[in-house]
């Protein structure tokens, strides 16, 4: 960062702290909700207490890395309880799950939520001031754009995803050689206990074909990157794994079991999925919405490259990322939501002042919704 940028941030930071310190107390609950840097009795910050360990989940990642770290450690403890104490009791006395490198200040508290609600220790305004320069990087111009916020979300998401993959690998890698063989791997308990009607079994999620498609170098073992792709195939760059995902989609949608997808099978399911993706991704172009009547047949015809009236697995490749959205899609969706809520002057980007003016947008995922009539339910936007 240039010297001028450092001076700019220091000057802005001092000004904001001055304004916060000397601003009059808000009289109404409404003002307190929307402008306070602290939390007060009306807004106790809460951490996530329920965890979904399925690899296909897409929980929003907390905006603040400190909050993400708290939730990650909470999740690790619950994961250990469910997957180690129950499924692998012989490992129950081993070291904690990865990610426990240090003892952060908040661990001195009996409960991490007590730390979050101690204004001397955790102040939302101070956190936003300290995080702003880390977001404003491309370029460093005093504004946070959608692309900068999306990249921030992507980095946070990638860290979370890889942490969970490493955690799973440590359990399944029984001979501790840093690789997983198909014989070492077994479905997690939530798959084994859910019956044959579950998504995992219908999609062949835990079958050898999936394992082999994930094995990019063909050595019969999955390293950490390949195992991460195995658990999160939508985000892979591995063509064979994306093709496997297409094959599974054909198997799932092929109601007459002829090994391909006819128009009726495409229309009743896949087309709506693609259209919903495009409607959610509102800043993207919608090439199928502007077509003349019967856009479903138009799209089907575009995908049916050999013109045989059916879609094969290869012909689904152009839309597979819309059927199974990537982490970038969710990161951008989260960024769009934040900007739509905090961008007061509607110029499509955020200043530090706008972020401080709307702290609930960045910390809404951990506000206790029971304490307010306002909708701070950030999580609900992405379920």
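Yeah, the Cβs are placed from backbone N, Cα and C, and that goes for glycine too.
Straight from TrEMBL, the features:
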type: COMPBIAS; residues: 74-93; note: compositional bias 'Basic and acidic residues'
type: DOMAIN; residues: 208-237; note: domain 'EF-hand'
type: DOMAIN; residues: 254-276; note: domain 'EF-hand'
type: DOMAIN; residues: 291-326; note: domain 'EF-hand'
type: DOMAIN; residues: 330-365; note: domain 'EF-hand'
type: REGION; residues: 74-104; note: region 'Disordered'
type: TRANSMEM; residues: 6-23; note: transmembrane segment
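Ranked by Cβ pairs under 8 Å to the domain 'EF-hand' (254-276), the stretches 208-237, 291-326, 330-365 are led by 291-326. Across all of the domain 'EF-hand' (291-326), the predicted model scores a mean pLDDT of 91. According to DSSP, the domain 'EF-hand' (208-237) comprises 18 helix, 1 strand, 11 coil. Counted with DSSP, the domain 'EF-hand' (291-326) comes out as 19 helix, 1 strand, 16 coil.
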